[in-house]
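> Quick paste of what Swiss-Prot says about this protein:
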type	residues	note
MOD_RES	Asp56	4-aspartylphosphate
DOMAIN	193-422	domain 'Sigma-54 factor interaction'
BINDING	221-228, 293-302	ATP binding site
DNA_BIND	497-516	DNA-binding region
Amino acid sequence: MLPSAMYPELLADLVTDLPHAVRLQRLVSMLRTHFRCGAVALLRLEEDHLRPVAVDGLVRDALGRRFAVGLHPRLAAILARRGVTCFHHDSMLPDPYDGLIDEHVGEPLPVHDCMGTSLAVDGQPWGALTLDALAIGTFDAAAQAELQRLTVIVEAAIRTTRLEGEIRALQLARGTPEADEGTAQHGDIGGEIIGQSEAIANLLHELEVVADTDLPVLLLGETGVGKELFAHRLHRQSRRRAQPLVHVNCAALPESLAESELFGHARGAFSGATGERPGRFEAADGGTLFLDEVGELPLAIQAKLLRTLQNGEIQRLGSDRPRRVNVRVIAATNRNLREHVRDGSFRADLYHRLSVYPIPIPPLRERGNDVLLLAGRFLELNRARLGLRSLRLSGGAQDALRSYRWPGNVRELEHVISRAALRAVSRGAGRNDIVTLEPELLDLDGLEVPAAHHAGAGMASAFAAPALAAGITLRDAVEQTQRACIEQALKDQGGNWAQAARQLGIDASNLHKLARRLGCK
């Protein structure tokens, strides 16, 4: 039987108003203490994978991992039946947490005993609870019976959390102040947005507030912060969620085709226009149009976009007939649009239309331990991709990730983890090994050096300040430097534009566009 003190504590949490992350974390912590095991995890079933929502005893990146059920036979077996499933030390099935027990950081010790139970809420499958131990024989028949009795309390805690979330959502929709406290602290890692830092929690709360309006939103953030993911979240939480979200990468639109792509064209509008074609605005009618890299739009297109935002009408290229559209616009940029307004490359009136509700997205370096959760996600993806038994970070590697500045943000982190995993395999790591990534495999020290210093001696001179003629403007000086950098990168890469773009740290489409503007092609 459970100690008499544990039941009241578990039941008290069910009737106490707690942020859901706190409630579920307290639950798994109490279970781990009582069963005297190495780790406890509460996992939510989402389509074909399990997402950890609360863990105790696993490495810090565990909350960022996603466990594909089809690749983890123990998890599949737990989900396949109601009741407790136990795997003893002699089980031949691989454990998803091999090498991930936090008590032994840096020690690739396999799990010996494991038990778990599937969970259901309101009659529907919800996920699983798993308990793991390094000591053989931890989960005997008495422990399994105890977990069976506890399952109903775990399911009740999950149901309470769900109901409280629904209540808070209703309060938020009605503008009730009480909704703020619980919502801002949730540390939600739902969908593809992973993070529990204060910065990301505040951002998710702000998105939730503005999502239910039809205000234009301008997402501001550095390259690689995931602006598209936040745009998708805004749309999913809006009243337009059942209608399409249409994504337009403005930087990839050829200037000659931008108007046709956005607004459509009539038959005969230009050579090759053999029929009517609706544009992206019409495709998004009733829903949301996401204008990514909006700062790259040509001035002529900016004027037509402004008219559409003002009047709710579009006019196809080659047609005199206006068409009404009902579209919410979400725009995103990594540029300082105010500076572009000042230098005349972006319309002030369009800027004010788009930035009715500007939302800055924090860079990865300002998100604290979120870097480890995100790393966990990429570790699990690479583990599955490379067919490894386990892939984890050493303590030193975790410290290195936290201290690095991440100029390329989440995208750069993904590339760093993928490269490190491949290096480990190339150095002899086998499929049955528990692979631990050390700092030298991450090679973050080399990434700290600006591209100008490791692209060759010629590149260093390309980044040197240009000699300024009398009366030259700052803009002319900047363009002169950009032109020199592009020319040197192309020379270093033998004329390969894609490799030159990687050397310069920008998208290839942006490089082509910049080169055309500067007269380099």
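Keep in mind that glycine also has a Cβ here, set from the backbone N, Cα and C atoms.
How buried are the listed features, and what sits near them?
Under a cutoff of 8 A between CB atoms, and with a sequence separation of 6+ in the same chain, the neighbours of Asp56 (4-aspartylphosphate) are Gln25, Val28, Ser29, Leu31, Arg32, Ala39, Val40, Ala41. The secondary structure of Asp56 (4-aspartylphosphate), as reduced to three states from DSSP, is extended strand.
Averaged across the domain 'Sigma-54 factor interaction' (193-422), pLDDT for the predicted model comes to 92.
Long-range Cβ contacts of Leu297 (ATP binding site) within its own chain (separation 6+, distance under 8 Å): Cys250, Leu253, Ala258, Leu291, Leu305.
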> Counting only residues 6+ apart in the same chain, whose Cβ is under 8 Å from the Cβ of Ala300 (ATP binding site)?
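Same-chain residues close to Ala300 (ATP binding site) (Cβ under 8 Å, separated by 6 or more) are Glu259.
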> So how many of the residues in the DNA-binding region (497-516) end up helix, strand or coil by DSSP?
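Taking the DNA-binding region (497-516) as a whole: 17 helix, 0 strand, 3 coil.
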> For Gly221 (ATP binding site), what residues in its own chain, 6 or more apart in sequence, show a Cβ-Cβ distance under 8 Å?
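For Gly221 (ATP binding site), the qualifying residues are Lys227, Ala332, Asn334, Pro360, Ile361, Pro362, Pro363.
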